[in-house]
């Protein structure tokens, strides 16, 4: 998709104009100009009270005499004095959802009035590009025959001459965000018979066609030599070989400590011997959402080329029941030598992650963030709006919260108090892999914290990485990309 910026509206160059309208008696100059050209017909529904300019409400006005535009999409923006990132997200989500149903190939977005002391031009432009790409995404990889495609090919942002440079920068960054998010969505939406650990490794290798990225794939033989007993144990009941995928992006100085992203990549999770119920088990193909977000973030990084060093580590396996599968009561030895009593084989995500977190130590990281669809308990606690954030470092937690707010990929910080650690006590090993029913998301994070000997944060995206039958969301690619860009500019 092509994104450009202009300083004046050229109606003949567009099929549709997205025109934000505020709940106010003084419309923007462009709104007034277009309404006058139609002798008041453009805004007549507002004058009659048929359309309220609430944030995210849309009204399509087509073939109005006085305009050469085929379509003008009025999109409510709410009250000007309360317009915020929340309202902007609602506005753009609704606008591009509506546009994606049209035959319009060339769409303009009027930005007048969308900036204020809390929203700068670059942020608005970034959101425009991201939402355009998100709305255009369709999963068709497993469908046969001709599939309907979104007609949208180009988006033109109309901004002032003074804001043009910032708008262009924002569109560039937003385009990278959107492409990374859609890449993550595509990977997570693929079924488990196609998206296997080997497939994820192939995708990481394909990204390494860019010279800025080096990818290393560790197979089971190498993992045994390393002593990655937890990762190997999870996959031992599957015909699919487990892997540790390591990606290294070197955009900073050689001496700069890297920031590390660690992704959980369970390409299908039956629960293993602790078998899950059959209902909705098909959704367990999304259990590699953390891995998908790491790959999506690296796709965005390769487009943006920030001056920073970043390492991505993906621990990927398939959790299946089999005569060779891990059993409740088994005791395994992890990469850092700690022993774990496995009380439930369906708490496997933390097992693959703990070896990946131990592996991350060799990079002497500036920070490590792991991303995982880890616990149903986090969904109960936070629903599907906020990802759970845990951290052993206050500065890192604050940086991630800032990035989450800026990217509207929100998080809520949860406690990581020592009080919860005793729930993981085991009579037979150094630690148990579950801590009982109370505080399940917290005790899962406590388990991971035992393997993090550096500034570390954990994002539990079980509630945010996918939305049921709507499929994968691509979260938290936006948050992670924003965080890394902020670190590059720090």
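Note that Cβ sites are derived from N, Cα and C of the backbone, with glycine treated the same way.
Record check: TrEMBL places 346, 348 at the Mn(2+) 1 site, and the matching candidate among 269, 418, 419, 425 is 269. Among 287, 322, 330, 370, the residue that TrEMBL places alongside 264, 269, 348 at the Mn(2+) 2 binding site is 287. The record gives 269, 346, 348 for Mn(2+) 1. Within 8 Å of the mean position of their Cβ atoms, the other Cβ atoms in that chain belong to 234, 266, 270, 271, 272, 274, 276, 287, 319, 345, 347, 349.
Checking the recorded positions (269, 276, 287) against residue 350 (active site) with a 10 Å Cα-Cα cut-off leaves nothing. Taking DSSP states H, G and I as helix and E and B as strand, the domain 'Cytosol aminopeptidase' (344-351) has 3 helix, 0 strand, 5 coil. Taking only the Cα positions, the spacing between residue 264 (Mn(2+) 2 binding site) and residue 276 (active site) is 19 angstrom. Around residue 287 (Mn(2+) 2 binding site), the same-chain residues six or more apart in sequence whose CB sits under 8 Å from its CB are 264, 266, 267, 268, 269, 319, 349, 373, listed in sequence order. Here residue 276 (active site) is positioned 12 angstrom away from residue 348 (Mn(2+) 2 binding site), judged by their C-alpha atoms. Residue 348 (Mn(2+) 2 binding site) has a Cβ environment of 28 other Cβ atoms inside 10 Å. Note: the Cα of residue 346 (Mn(2+) 1 binding site) and the Cα of residue 276 (active site) are spaced 8 Å from each other.
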